[in-house]
């Protein structure tokens with residue numbers, strides 16, 4: 001955040017609140033050879049290959065997602081009107097100035113205290129000094145209001161470690177921030193000074209509300225804003241937990257209910273970054289092993305609140321052990337046994353003693369974990385059912401029960417219990433692996449469809465029933481990856 005050091009007065013507040021907020025000042029910075037100006041990366045991309053870049057993304061998305069992209073692209077006028085409406089001139093004058101290095105790849109200014117050995121903490125390169133005329137948002141005026149909001153709404157920032165970091169930042173004092181650029185031709189012009197365009201990070205923040213209809217306060221905006229949960233990377237919590245809330249307070253708009261700052265996924269210990277050139281293309285994984293396998297790995301091995309590492313070795317290990325062996329084998333052999341021993345139909349009967357408690361315990365643990373955003377523990381709760389069901393197969397040996405006609409009731413109870421286990425697992429894992437959970441649900445011939453079923457209260461039955469049709473065919477849920 002920028003350091004105020006000089007003074008100059010000019011009319012241009014950020015939607016006026018308590019008479020303060022935006023001011024215009026010439027930044028007097030140390031002169032160095034001029035680097036690429038902030039925002040030129042976007043400028044070049046949009047001028048050099050606007051259609052190719054957009055087309056590549058379109059090709060990678062399903063049809064429904066392409067429609068959403070088209071709607072977003074058509075929202076340019078709304079984006080402009082929303083940004084200009086929030087950044088409208090209302091009069092007022094405030095002193096200020098700026099002296100800070102700007103990093104081209106990060107697209108932001110860095111206070112010298114935030115640099116590591118004079119370098120960007122993310123890209124490990126030296127920022128450059130520039131000089132240009134900007135407009136400023138008076139962030140310094142919002143510290144007390146932000147602290148009061150944090151105090152009254154402790155769930156506003158999670159996890160607690162991120163909350164403590166942000167509270168410390170605000171308590172130490174906030175500097176005013178630049179919200180415009182004079183050196184970028186591409187962008188939304190400021191309403192009272194078309195020679196200046198809105199700084200890309202400010203524009204990006206405002207997009208959260210223009211994307212749902214703002215400045216039209218009705219329709220989608222009233223339906224979707226404020227957001228219940230805003231998930232962001234831990235490196236941009238200051239933008240989303242300090243600057244963005246202050247902008248919303250100034251504009252007299254409601255704040256998101258919760259902002260979650262997640263950790264980073266690294267590759268061999270380095271942050272995955274387009275700028276660093278070490279990206280693992282998720283579409284390559286999806287094409288070979290499916291989106292659900294990737295979702296499982298990331299959500300299980302990289303807890304939201306901590307950093308985690310991606311490696312091909314661990315991905316294949318987890319895929320084979322957890323997905324192919326545990327869940328996949330339980331599914332295929334249960335469905336196969338129902339077809340082999342009962343013609344594809346599950347007899348109604350009492351579940352094996354103790355399994356009802358297993359299901360209830362898993363549901364309780366799952367619900368508590370997900371409410372705390374500990375998705376990896378929610379997955380573990382579902383896996384407790386999978387492991388118990390697999391042990392049950394080994395303990396009861398259904399292949400032996402099937403040979404003894406006098407033990408038919410035992411076999412029916414076992415098969416019904418295994419199918420119930422699969423039903424519970426599909427419901428719990430649906431948010432994590434919707435594709436495969438849906439396949440299991442459809443194979444079990446359960447109604448209503450999985451997307452219409454809600455978690456029951458602990459101890460209550462799942463609000464779904466068998467259709468009476470024979471189960472669908474048994475097929476590998478996750479074919480093993482051969483090394």
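Just so you know, glycine gets a Cβ as well, placed from its N, Cα and C.
Annotated range for region 'Disordered' in TrEMBL, selecting from 13-53, 54-94: 54-94. Within the set 438-460, 461-483, the record from TrEMBL flags 461-483 under the feature region 'Disordered'. Broken down by DSSP into helix, strand and coil, the region 'Disordered' (461-483) contains 0 helix, 2 strand, 21 coil.
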